[in-house]
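Asks: Sequence annotations record features per position, and here Swiss-Prot assigns active site, proton donor/acceptor to Tyr131. Swiss-Prot lists Lys159 with the feature active site, schiff-base intermediate with substrate. Annotation source Swiss-Prot lists pyruvate binding site at Thr45, Val202, citing sequence analysis. The site 'Part of a proton relay during catalysis' annotation in Swiss-Prot covers Thr44, Tyr105 and is backed by sequence analysis.
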Amino acid sequence: MFRGVFPAIITPFKDDGSLDEDGLRRNVEVLSKTGISGVVPCGTTGESATLSHEEHKKVVEIVVDCSDVPVVAGTGSNNTSEAIELTRHAADAGADAALLITPYYNRPNERGLFEHFRKVAESSDIPIVLYNVPKRTGVELRPDVVARLSEISNIVAIKEASGSLTQVSRIIELTADKNFAVLSGDDDLTLPMLALGATGVVSVVANVAPRATVEMVNAFLDGNITRAQELHYRLAPLVRAMFLETNPIPVKTAYRMLGMAAGPLRLPLAPMSDENEAKLRDVLTKMSDLTGDMR
């Protein structure tokens, strides 16, 4: 299952700030037809930190209902009981897997990290994808802990966004004898990570250029390294544009520019600066051949 491109999708809101359920359905239906391997709702890109529990659950239910591809639902929390609740809900709603970020802010030690993920995994049979993004959480999920967690039967993959290829290499080395997948969590490192043995990406840029991202990953996995390199560099300006400001500010702004359902950001995220919005618009205009599916 964990092979290919999994866009981490945005959560569209109406002008009054409420969830845009129809817009969410339209976005997912369009993305589902672009060759992607799955969608990831309620992650960082989906503004999960500002969703109420009811909204979080509703988003998962809607995406499961309308998606033609597997759904990997974000269910992480820095409260283990809350993560268990959200993970069980995702399983009951019909999600195909759950993505769990490392507990943030309270910065658990390695024993706490292991026990957190073990407890969540034991609470449900749903496949679990670990998510390591220390720049956001303040805590590092070290390769040796990942290796221990990979021995738990339903912990089956990791989204690795540490930015360290050394770490990625070590995780793949330590889990080589397990049925355990490594997915890139950094669009700009997807190709290098594939070279180390990763099998796909949970992607931001695939929201706006899904087919090109899919082609890049598939080209590499099929052995066409030259074509994968060409697409890596072709996508590079768009990848940089997606991170002109904190994710998901640029990608949500891009969706608005492309005519997709987006709506406002929720505070404390604020609109892009005029300067960066102009840069983003320029990149989208120049790369319209890659974003045509999302117009």
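Backbone N, Cα and C define each Cβ position, glycine as well.
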Asks: Could you check which of these recorded positions, Thr44, Thr45, Tyr105, Tyr131, Val202, sit within 10 Å of Lys159 (active site, schiff-base intermediate with substrate), going Cα to Cα?
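Replies: Checking each Cα against Lys159 (active site, schiff-base intermediate with substrate), the hits are Tyr131, Val202.
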Asks: About how far apart, in whole Å, are the alpha carbons (Cα) of Tyr131 (active site, proton donor/acceptor) and Thr44 (site 'Part of a proton relay during catalysis')?
Replies: 11
Asks: Please report the three-state DSSP label of Tyr105 (site 'Part of a proton relay during catalysis').
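Replies: It is coil.
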Asks: Within 10 Å of each Cβ, count the other Cβ atoms and name the one among the recorded positions Tyr105, Tyr131 with the highest count.
Replies: Tyr131
